[in-house]
Amino acid sequence: MSDDLQLLIDSLPDLGNGVLVTLQMTLGGALLAMVVALVLGFGARTPSLWVRAPSRVVIEFFRGTSLVVQIFWLFYVLPQFGFKMEALAVAIVALGLNYGAYAAEVVRGSIESVPTGQWEAATALNLGWLHKVRRVVFPQAWALMIPQLANLLIQLLKGSALAFYITLHDVYWWTDELQRDTRDTFFSFGCGLIVYFVIAYILTWGMNWLEERAKRRLGRGTRPRLRDVFGLKPGVPSEIARMKGGTA
Amino acid sequence: MTTSTSSTGDVPAIEFKDVVKRFGDNVVLDKLNFSVAQGDRVTLIGPSGSGKTTILRLLMTLEEANGGLILIDGDPYTHEYKGQKWVEIPEKRRRVVRNRVGMVFQQFNLFPNMTVIENIIEAPIHVLGKSKAEAVARGEELLEQVGMSEKRDFKTNQLSGGQQQRVAIARALAMDPEILLLDEVTSALDPEIVADVLGVLREIAETTDITMLLVTHEMQFAREVSNRVLMFDQGQIVEEADPETMFTNPTHARTKEFLKAVLG
């Protein structure tokens, strides 16, 4: 066991790098996923079939195919057609497209949960489409979508472990190395669990903080209290129901 | 801005020409014709489903007509004829005309992500291009007028229904509309609040020359504020009169029946 600890301490620089790579993939992937989700989410609810149909096809394709296969495609198959990306870029693109497709459904659902009266009032004030979305509808939909996006973010973090297969030295790679060095599966994979859990926990705090802030902007709740942010308490059902119910 | 001929006073503020509106197989308006003169206060009455609210929603472009023309100050608004062809007017041109029309809703529809004053200044700044200082000054003036000054920086869901509706009225007026559409604006309010909101509207009617088109079940209010009442039934105007005549001496059987049911 003391050997294990020594090897663990020796591997800390690798762990630091691994966390950095995992965070780059997670945050880069999440950012790209959000862009993809907004484009596809709005695309999937436009009246024009020429926009809606391709959006739906892209959503269903990336939701319906395996993330590992997508990563392998981008990494091993695309270069045969002359597109070569770095491993980190491949991971970010694959995670972004895959989770973006899921998040698109969250975006679409949340946008549709905003009462139509809000769109109508914005029309009555003669606001342009983009203005309606940016200033009126999205801030309200945002509060509704954060809890679901938080789930996807955690899943994305864990999905990023697949990048190990395309040579990236992320947290999973570090775990694997530790296992090889210590030959102690219980210890090394235990360490892996803990590191992923800590990162996921920090991300959850961040999302809770965003959620509290979004709710406060809608005049619900007060300043985010530490208790709300760190409490990891899921949204109170009645609160969500009230938000979906209307503007009153 | 399209130049309108409204200055002559002859051109109606609102004109419907053979307007058709269907929801699926249900024909709500069947070749409806009517016009509203500049500065008129017109109340639409009639049983539910008679098409009153649909008229307001068409005027706010919240619904699309299936036929006919809607003119604002003589300007084609939502559709026009190109030769024989009935075509939609693109959004860019609609926006120019829509600037002259404002609406207050039954459910208020204030933006919960903004404060009271932010609700009011949003469109004047971004649509009319007013400076923030100018918009705020006008907004504060309107809040004063509707008796909501002290709630200036409140979030909208901290307000009661009656307060929200007064803010919604101020928000509509901040756009300086020539035409104000009032869609059952007191129907969602508690009875004791209704008088406050009606008082605000009465004052606006007395102090401005805004053309008003209202759908309401408050017959007393219709009587005080409007100078013309249109009785609708099945998408057609069955009777038209000044409020005094309409409420005391209706001629059409459907009107008598309806007023009897409403007034008791």
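Including glycine, each Cβ sits where the backbone N, Cα and C put it.
Straight from TrEMBL, the features:
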DOMAIN    A:19-204  domain 'ABC transmembrane type-1'
TRANSMEM  A:20-40  transmembrane segment
TRANSMEM  A:61-81  transmembrane segment
TRANSMEM  A:87-104  transmembrane segment
TRANSMEM  A:141-166  transmembrane segment
TRANSMEM  A:186-210  transmembrane segment
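Within its own chain, the transmembrane segment (A:20-40) is flanked in space by residues 55, 58-59, 88, 91-104, 106-107, 149, 152-153, 156-157, 160-161, 163, 168-172, 199, 203, which lie at least six positions past its ends and keep a Cβ under 8 Å from the stretch. Of the candidate ranges A:87-104, A:141-166, A:186-210, A:87-104 contributes the most Cβ pairs within a distance under 8 Å of the transmembrane segment (A:61-81). Residues 21, 24-26, 28-37, 39-41, 44, 55, 58-63, 67, 70-71, 74-75, 149, 152, 155-156, 159-160, 162-163, 166-168 of the same chain lie 6 or more positions beyond the ends of the transmembrane segment (A:87-104) yet place their CB under 8 Å from a CB of it.
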